[in-house]
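Over in TrEMBL, the protein carries these features:
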{"type": "BINDING", "residues": "Lys122, Gln185, Gly217, Asp248, Lys391", "note": "UTP binding site"}
{"type": "BINDING", "residues": "His218", "note": "substrate binding site"}
Amino acid sequence: FSFLLPSNSNKMAQFQEVMRQQLESAMHAELEKLVGTAKGAKAEVSKKDFEGFRKLFHRFLQVKGPSVEWSKINRPPEDSIQPYDKIKAKGLPDYIADSLNKLVVVKLNGGLGTSMGCKGPKSLISVRNENTFLDLTVQQIEHLNKTYNADVPLVLMNSFNTDEDTKKILQKYTHHRVKIHTFNQSRYPRINKESLLPVAKDMAMTGENADVWYPPGHGDIYASFNNSGLLEQLIAEGKEYIFVSNIDNLGATVDLYILNHLVSQPNGKRCEFIMEVTDKTRADVKGGTLIQYDGKLRLLEIAQVPKAHVDEFKSVTKFKIFNTNNLWISLSAIKRLQEQNAMDMEIIVNPKTLDGGLNVIQLETAVGAAIKCFDNALGINVPRSRFLPVKTTSDLLLVMSNLYSLDAGSLTMSERREFPTTPHVKLGSSFTKVQEYLTRFESIPDMLELDHLTVSGDVTFGKHVSLKGTVIIIANHGDRIDIPAGSMLENKIVSGNLRILDH
């Protein structure tokens, strides 16, 4: 169809600009219609949300080609990623409570437990001794507040998917020594891939409108935190930094050495943003990495990498570290950047197919991508123990086992494990859902000396099973394998009809 387009590049640019303006006008009209169907306070919230969405949509229409030029990517300068040991070597001041009183802990709590077969917020899944992700978080912060006589509040960034259920459960923490605040992520409309207009016909969230909205990724934290009024309130209370992390990362506890590094910087060189990174292993090849680009530290995500360079991005040799999404950010800097409209994050275009088969896209941003907007940003290469995400039941098995001990809400690798690496666990599809997974273990096996576990098919474990070295258990289709109580499997392959072979 190229013969239908204007011939010279000048006219082409004008033509594209006219098309863009028409799309923006059509989107504006649709959003106005949608807001018109909301009542009272809800209409005000939707207006603010849509303001953010409009800006994002405008930028989406402006983007031409990949957001990075591969040839301009450089390794970060030596001093821009500090080893954790160097930060720790500074020690702590006598009175750490002063620093703690400047801190707010923010947990990203927008996700549902659907990928693990659970209804409701993921943070309400039990992970250890009947404690949920949220229980452990509250215990950790309460322990800090009691130990140091400090006042560190917890802030949960909920989404419209998790807000109601989370608020109900928060009542159980009223007598804990932690102030808990919540605010809501924005609610954005999914857009039809063909027309680039919203699928929603009104602001309702049920019935045929159930899957036409989405929370726009954790990069939305800056705008929604600011819009909620909570950012302003916390600054007025004397708070200076937030420590942000995913609620399902059980390694993301408040680190006093990193906090001390932040608050002890001289005024002119105040570090406004710290990203905790850790060494990449073959399991982390898709994680975002830090690069130097146009003279600034920048987060590079796999979605931004041109196809020809994806293998290079995944290599452990060129890009040695990845982002844990544990971030320490200055509150006053967030306020400044929001007021200046200077928060610039790359757009992630996430294609989805709705139940009826309609192809839609949702526009998202990532919280760490804003690193390039902050002054004196820094990466800290932290121990792997600060990255312990629970995304699957394979991860859940690790954190429920005797590999970890639990103390005041924090999980630490057992001293009885002789080497610090975490075993590689792969549980098959029969274990995907938490309820089903739990019925397959009469008790969680002893895994202190395990290196690698693969389980596939219909397999159950009796009480007090011990797994060591490399253990592979495969029940073929139609077969079932019951590992007897008290079994000790060391470097074994167990297959089909319960033959136990040396590996």
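Cβ coordinates are placed from backbone N, Cα and C, and glycine is handled just like the others.
All annotation found in TrEMBL is predicted automatically rather than curated by experts.
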Ranking the binding-site residues Lys122, His218, Lys391 by other Cβ atoms within 10 Å, which is at the bottom? Lys391
Of the binding-site residues Lys122, Gln185, Asp248, which one sits closest to His218 (substrate binding site) when you measure Cα to Cα? Gln185
All chains considered, the count of other Cβ atoms within 10 Å of the Cβ of Gln185 (UTP binding site) is 27
For a quick check of understanding: given the listed UTP-binding residues Lys122, Gln185, Gly217, Asp248, Lys391, what is the maximum Cα-Cα distance in angstrom, as an integer? 21
Close in space, distant in sequence - Gly217 (UTP binding site), Cβ under 8 Å, 6 or more apart: Ile348, Glu364, Thr365, Ala366, Val367
Within the same chain, the residues at least 6 apart in sequence whose Cβ is under 8 angstroms from that of Asp248 (UTP binding site) are Gly111, Lys122, Ser123, Phe133, Pro389, Val390, Lys391
